Structure formats: structure tokens, C-alpha cells
Protein chains: 2
Amino acid sequence: MGWRRRYAAVPFLNASIHTLMSQIAQEVAIDLGERSYRIAIGGGLLADAATYDGLPRASAALIVSNTTVAPLYAAALRAALAGRFAQIHEVQLPDGEAHKNWQTLQLIFDALLAHGCDRKTVLFALGGGVVGDMAGFAAASYMRGVPFVQVPTTLLAQVDSSVGGKTAINHPLGKNMIGAFYQPQRVVCDLDVLGTLPAREFSAGLAEVIKYGPIADMAFFDWLEQHIDALMARDRAALAHAVRRSCEIKADVVGQDERESGLRAILNFGHTFGHAIEAGMGYGAWLHGEGVGAGMVMAARLSQALGLVDAVFVQRLTDLVARAGLPVRGAVIDATDNAGRYLQLMRVDKKAEGGEIRFVVIDGPGQAAVRPAPDALVRAVIDASCAP
Amino acid sequence: MGWRRRYAAVPFLNASIHTLMSQIAQEVAIDLGERSYRIAIGGGLLADAATYDGLPRASAALIVSNTTVAPLYAAALRAALAGRFAQIHEVQLPDGEAHKNWQTLQLIFDALLAHGCDRKTVLFALGGGVVGDMAGFAAASYMRGVPFVQVPTTLLAQVDSSVGGKTAINHPLGKNMIGAFYQPQRVVCDLDVLGTLPAREFSAGLAEVIKYGPIADMAFFDWLEQHIDALMARDRAALAHAVRRSCEIKADVVGQDERESGLRAILNFGHTFGHAIEAGMGYGAWLHGEGVGAGMVMAARLSQALGLVDAVFVQRLTDLVARAGLPVRGAVIDATDNAGRYLQLMRVDKKAEGGEIRFVVIDGPGQAAVRPAPDALVRAVIDASCAP
């Protein structure tokens with residue numbers, strides 16, 4: 001793609017004794033002019049008051065979390081914020097992609113208005129991608145915009161969804177169809193919280209880590225092949241590198257194309273097929289990262305069918321996805337006309353234009369492109385890629 | 001306030017024979033960098049295909065209107081757009097402020113997704129302020145943002161709500177609480193459509209015209225005093241001047257403060273009291289402009305109580321509001337503690353900060369400021385201003 005690399009990883013010396021004792025945190029800058037912010041990465045950050053230095057002043061904060069994460073971390077976050085906000089409110093959403101809808105979003109607005117929150121109130125999204133997307137869209141929309149901070153507690157949210165300002169809810173007819181580009185004030189990636197993540201969720205997060213290799217950095221892909229077992233064992237040093245490198249690549253892409261008018265679409269590698277699986281199976285049956293795992297293999301096969309990559313590359317990606325504990329075959333979402341149903345669902349993808357599906361393909365290892373593909377070719381890939 | 005005046009009214013030579021025959025249209029530019037656009041003002045614009053020259057290309061358009069306006073103008077708009085979009089879809093919303101909520105907004109998303117509309121689809125808001133606010137918020141949120149055009153069919157929408165990019169829906173606990181700053185591609189003010197407006201709606205629109213005098217331009221206020229009867233008779237030349245001057249002042253203010261971090265709040269003169277009346281009486285009982293009419297008189301009285309303007313000014317404004325067919329006294333919204341209920345409702349106003357209500361007051365004829373006021377003073381103004 002020829003996009004410039006301008007990495008912004010710099011050491012981030014946190015003055016608090018707590019953090020110095022645990023480890024030196026790092027930060028990645030995301031450069032968007034007046035909407036710039038930084039991603040803090042390290043151990044023990046969530047509960048450290050110094051993590052939140054420099055945020056906008058306000059009398060109130062609202063912690064948006066879910067019924068799974070709040071019992072684990074809300075008290076620690078609240079304690080860390082206590083010196084900064086006179087009032088700290090909290091709302092717990094039901095957990096899961098199936099609840100990423102307007103009804104659940106209303107719970108956030110209801111809480112904000114019930115507490116008389118003004119337009120300076122700071123929202124804290126404490127949870128995974130669903131919480132981050134909903135709290136972010138609520139922040140974008142409440143009184144036409146209040147500040148918010150992402151405190152992602154899943155690997156997927158740390159390496160992908162909490163960075164870059166995409167917020168949304170689902171519509172019955174399509175995933176993430178209603179939302180906003182709205183940047184957070186800060187992203188806080190506390191590596192310690194990844195320890196409590198269920199294995200299935202952790203693997204789902206690795207799908208978004210893996211994607212950065214084929215689309216942008218084959219050296220990172222090589223590193224992942226060498227360290228996938230350490231990552232699966234949640235080795236702290238390996239995690240720190242994977243999260244930082246993922247955030248750097250994402251920051252780089254988003255800094256060049258905030259509103260997805262071009263380049264940014266490559267971050268959706270594997271997502272066109274993946275979204276069809278998620279929607280076709282009913283949201284929540286497959287985790288988002290599971291759909292992306294199988295979707296990347298399908299997109300790589302399509303790239304091969306288009307003559308862009310060879311079988312060796314497809315096999316390497318397939319093996320890495322499998323070693324990350326992810327599915328490598330797509331779901332059968334329609335017993336009668338499976339490929340037809342995939343095509344129907346993919347035509348409402350946000351990248352589609354005038355009914356033409358636009359796929360993120362690998363244009364050669366380490367670089368991606370967005371392009372259409374003949375229906376017959378896509379059908380063949382789907383038929384060859386889906387279980388049983 | 002000392003804000004620079006940089007008027008942008010320039011003659012707008014429309015090449016179509018139709019428009020040349022009716023009258024030369026004018027345009028007002030709104031200067032917001034890459035989000036700049038123009039407001040076209042004149043007769044016969046809505047049905048003229050040339051009005052829409054230069055809009056973004058797309059395969060589909062969606063006309064968002066309501067059950068009252070669509071039968072009058074949707075066919076003409078559709079005909080004017082027919083050469084530009086391969087597909088023109090339409091959705092009719094129920095009419096009225098009471099329907100400015102999420103359930104109604106969903107009808108727009110449902111239509112967009114049912115028709116498989118992509119992220120280039122152009123929305124056309126054909127109606128008054130409610131339609132414009134909802135279509136605008138839908139455009140801001142659908143696939144995180146699609147282009148839209150305002151075609152306001154009420155005086156209020158032409159002089160105020162369609163210009164400046166404020167979009168929103170109501171929440172049961174507050175008006176316009178959920179929305180976005182999202183600029184249209186163009187605003188089309190066809191003066192001919194004002195002829196079909198019911199008298200009550202027309203008067204409501206005059207409230208927003210009148211407000212521009214006290215806050216920004218006493219020469220315009222003088223002109224309004226001289227031409228209020230001509231306006232009430234819907235004299236075309238008087239209307240053209242009133243709409244153009246209102247749009248110029250609004251464009252000037254919005255161009256300096258798009259996201260209401262300061263100056264822009266003066267456009268809410270009369271709205272803090274007015275919103276309390278609207279909410280307290282139940283949305284739809286009082287028209288928005290009626291609340292603003294009485295609200296301006298109350299805000300002027302508060303300004304007088306603060307020693308900022310004299311009784312002569314308050315009387316002039318009160319007389320002009322009355323001659324425009326608008327209420328000059330506030331509603332009694334609570335028989336037991338009327339002022340207390342007003343205060344309670346005003347504390348959730350978006351301008352409030354930390355529970356402190358911030359009023360737009362007249363700082364001297366032709367200029368406005370935003371400031372708090374002692375509760376006792378506000379109570380006295382409410383008690384003296386409300387019927388019976």
C-alpha cells in the first residue's frame with residue numbers, strides 16, 4: 001500500500017511508586033490533530049490514579065461496564081478516580097454481543113440523565129469491545145458529545161476496538177450499522193486484566209493481533225509464529241510486545257485515514273466473511289474474533305484465487321490461526337444455499353458500494369488492498385472453506 | 001460580544017430557466033473548513049434540478065419526510081432528483097415533536113437497511129425542524145456518517161434548525177439530549193413552501209427570526225418592528241430579507257463556534273425557559289417557537305433584573321413577540337411550585353454545568369452573554385411572567 005510508517009512508541013515514565021514497582025509502562029501516540037490521544041500500555045495501570053492525569057476536569061464521571069467485568073474491576077477504577085471527580089456513577093450493561101443494541105444503549109442515557117450529568121461528564125468504558133463501542137457511541141451522542149476514556153479489559157479491545165474511535169451498535173439487519181467516529185481522550189491497556197480472560201475470549205483477541213501481520217508487517221507475523229505458544233500461555237513480556245506492536249500499526253493506519261475513506265479499510269481483513277458468519281449464526285453464537293479467524297483464512301484463499309498470494313502463505317496463516325485456538329473453517333449458515341446467504345449478508349457490509357462487495361485481500365505478504373471479486377470465485381471459496 | 005462580522009451573502013446566479021423566470025436566488029455561505037456548505041434561498045428552488053448540482057455522487061437517495069409534508073412536496077423533490085440518483089427511496093415519519101424519539105428514528109435506519117443503502121447514499125430531510133433533526137442524526141449515525149441535504153419546509157427550520165449542523169432526538173428526561181454535530185452538504189430554503197404553512201407554525205418560526213435582533217443586530221430588530229405586518233402577511237420580499245439575514249447571522253456565529261464551546265450558546269436566547277415550558281407541558285403542547293417567544297420575554301426580564309437592559313427594551317421585545325402572534329407569558333407548568341418546577345427542568349439544560357443553570361441574557365441591545373443567575377431572582381421573574 002505504500003503507506004508511511006511513523007511509529008510513535010516512546011517510553012512512558014509514570015511517576016507513581018506503584019507503577020514503578022510493577023513495571024515501566026509504555027505509550028503509543030495516536031496522531032489526529034486536535035483529536036490526538038495516547039494509549040498507555042503496562043501492568044497495574046487501571047488502579048493507578050496517575051494513569052488518569054491530564055484528563056478534562058469535570059464534576060462527575062460515569063463508569064460504563066457490564067455485569068461480568070464490573071464485579072472484577074469497577075471498585076479499583078472507582079478508587080483510582082475518587083480524587084478526580086466529586087461524583088462517580090456507574091451503570092452495568094448486560095454482557096454480550098447480543099445486547100449491543102439500542103435498548104442497552106438507552107441504559108447509559110437513562111443513567112446520565114437520572115444523575116443530571118452535564119456535558120462535561122467523563123465516561124469510562126470498562127470492558128471489552130461491546131462495552132467500548134456502546135459507551136463510545138453514548139459519549140458521542142449524549143448532549144452531542146462528552147469526553148470518554150477507554151479502559152479495555154479484553155485482548156481484542158486492547159489491540160483493536162478501543163483504538164481509533166469507531167463506535168457503534170448493531171441493527172437487526174446489520175452489525176455496527178449505527179454509530180459514530182468519535183475519539184476517546186485516552187486508552188488504558190492494563191496487561192494484568194488479561195489474566196482473568198476466559199480462554200475462548202483470549203483466542204478471539206489473538207485473531208485481531210494476527211491480522212496486523214498479513215496486512216502490514218510480515219516481521220511481526222514471523223514473531224507471532226515464534227511466540228504464539230508464549231502468548232497462549234499469557235507470558236507477560238510476549239503480551240506486552242503483541243499489544244504494543246498491534247496498537248502501533250493501528251495508530252499508524254488510523255492516523256492516516258481517521259474516517260475510513262481508503263487505507264483504514266485494510267484493518268477489516270477477514271471481517272467481511274467474519275461479519276457474515278456472526279450475523280448468519282445470530283450475534284453471540286460465534287465471537288467476533290472467531291469470525292475474523294475463519295474470515296482471514298477465507299480472505300487469504302480468495303487472495304490466492306485472485307493470484308495475489310501463494311498456497312504457502314495461505315497455509316502459514318491457517319496454521320497460525322489454528323494455533324491461536326481459532327476456527328479455520330467458516331460456518332454453514334444456510335443448508336440450502338450457503339454461499340448465496342454469505343453473499344446476501346456481505347452485500348450490506350459497510351464497505352459495499354452500489355451492492356458490490358469490496359473485499360480486503362492480501363496483495364502480497366505484508367500488504368493489503370480493497371477490491372471486488374467475481375461472485376463465482378467468491379462462491380467457490382466459500383464452498384471450499386466451510387465445514388462440515 | 002465583539003465577534004467579528006463577516007457576512008457571506010453573495011448573489012447566486014442559477015442557470016436554470018425556471019429559476020430565472022421566478023426570481024434570482026441568493027446564497028449564504030457557511031464557513032467551516034472542509035465541512036463548509038451553502039444555504040440557497042429563493043422561490044422555486046425545491047423543484048429545480050439545478051438546485052442540487054454539485055452534490056456528492058451516489059446510486060441512491062432517501063427522502064425523509066413526514067405524513068403532512070410528503071403529500072405536498074415529495075413528488076416534486078423526487079422529480080428534481082430523478083436525473084441524479086438511480087434509486088430514490090422515501091420514508092414518511094409521523095408528524096410532530098412528540099415523535100422525535102428513538103422509535104421514529106429507527107424507521108429511517110429500517111428503510112436504509114431494507115433498501116440495502118450503502119455509505120454513499122444521500123439523505124434529503126424534507127420537512128420542519130423535527131424531520132431535519134432526525135434525518136440529520138440518522139445521516140450522522142448510519143454507517144457512522146452519510147451525506148445529507150436539508151430541504152426545510154417551515155420558517156423555523158429555514159432560519160434556524162436546518163443551519164449549523166445540530167441534530168438530535170429527545171429523551172423522556174430531556175429535549176435534544178441525544179444527537180450529533182453533523183453538517184449538511186447544502187440547505188435549500190424555498191420561500192414558496194412557506195405559503196402552505198399553518199399560521200401557528202409560521203408564528204413559531206418568527207420567534208427564531210426575532211431572536212437574532214437582541215443577540216446580534218439591533219438594526220435588524222428595527223427592520224423587524226417596521227416589517228412585522230408584512231411578514232405576517234407573508235410578503236415575499238420581506239420573507240426573503242428575513243430568511244437571508246437570519247441565515248447570515250447564524251452562519252456567522254456557527255462559523256466561529258461550530259461545537260458550541262462558547263459564542264454559539266447565544267443562539268439559545270429564550271430557549272432555556274422555552275425548553276422548560278415545552279418539557280413541562282409535554283412535548284407538542286407548545287410549539288418550540290412558542291416556548292422561545294415567551295422564553296425570550298422571560299430572558300429579557302431576567303436581563304433587566306440583572307441590570308443589563310432597561311424596561312423600554314423589554315417592552316419593545318414583548319410587543320414584537322406579541323405582534324408575531326406568539327405568547328408573551330410563560331405557562332404554569334406546576335400549580336403547587338411553578339418556579340421550582342421550571343428550575344428543576346432547567347437544571348438538565350445542556351448549557352448547565354454542575355447543576356448550575358446558565359442563562360443567555362441580553363448584555364445590552366444587540367449583544368448577548370451566557371451567565372448564571374441567583375435562584376431567587378429567577379424565581380421572581382418566573383412568578384411575574386407566567387399566566388394566569
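Cβ atoms here come from the backbone N, Cα and C positions, even for glycine.
Summarising the annotation, TrEMBL assigns NAD(+) binding site to B:95-100, B:129-133, B:153-154, B:Lys166, B:Lys175. According to DSSP, B:Asp133 (NAD(+) binding site) sits within a helical segment. Cβ neighbours of B:Asp133 (NAD(+) binding site) (same chain, under 8 Å, six or more residues apart in sequence): B:Lys100, B:Ser161, B:Lys166, B:Thr167, B:Ala168, B:Ile169, B:Asn176, B:Gly179.
In three-state terms derived from DSSP, B:Glu208 (Zn(2+) binding site) belongs to a helical segment. Around the Cβ of B:Glu208 (Zn(2+) binding site), 27 further Cβ atoms fall within 10 Å across all displayed protein chains. Feature annotation from TrEMBL assigns Zn(2+) binding site to B:Glu208, B:His271, B:His288.
Model confidence over the domain '3-dehydroquinate synthase N-terminal' (B:91-203) is summarised by a mean pLDDT of 95. Positions annotated as domain '3-dehydroquinate synthase N-terminal' by TrEMBL: B:91-203.
The domain '3-dehydroquinate synthase C-terminal' feature in TrEMBL is assigned to B:205-352.
Neighbour counts of Cβ atoms within 10 Å were taken for the binding-site residues B:Lys175, B:His271; the minimum is at B:Lys175. Cα of B:Lys175 (NAD(+) binding site) to Cα of B:His288 (Zn(2+) binding site): a distance of 11 Å. Using CA atoms as reference points, the binding-site residues B:Glu208, B:His271, B:His288 were checked against B:Asp95 (NAD(+) binding site), and the closest is B:His288. Of all the binding-site residues listed here (B:Glu208, B:His271, B:His288), B:His288 has the Cα closest to the Cα of B:His99 (NAD(+) binding site). B:Thr154 (NAD(+) binding site) falls outside any helix or strand according to DSSP and counts as coil. Secondary structure of the domain '3-dehydroquinate synthase N-terminal' (B:91-203) per DSSP, as helix, strand and coil residue counts: 47 helix, 34 strand, 32 coil.
For the binding-site residues B:Glu208, B:His271, B:His288, a Cα to Cα distance of within 10 angstroms from B:Glu97 (NAD(+) binding site) holds for B:His288.
Among the binding-site residues listed here, namely B:Gly129, B:Val131, B:Thr154, B:Gly129 has its C-alpha nearest to that of B:His271 (Zn(2+) binding site). Closest to B:His288 (Zn(2+) binding site) by Cα-Cα distance, out of the binding-site residues B:Gly129, B:Val131, B:Thr154, is B:Gly129. The Cβ neighbour count for B:His288 (Zn(2+) binding site), using a 10 Å radius over every protein chain in view, is 28.
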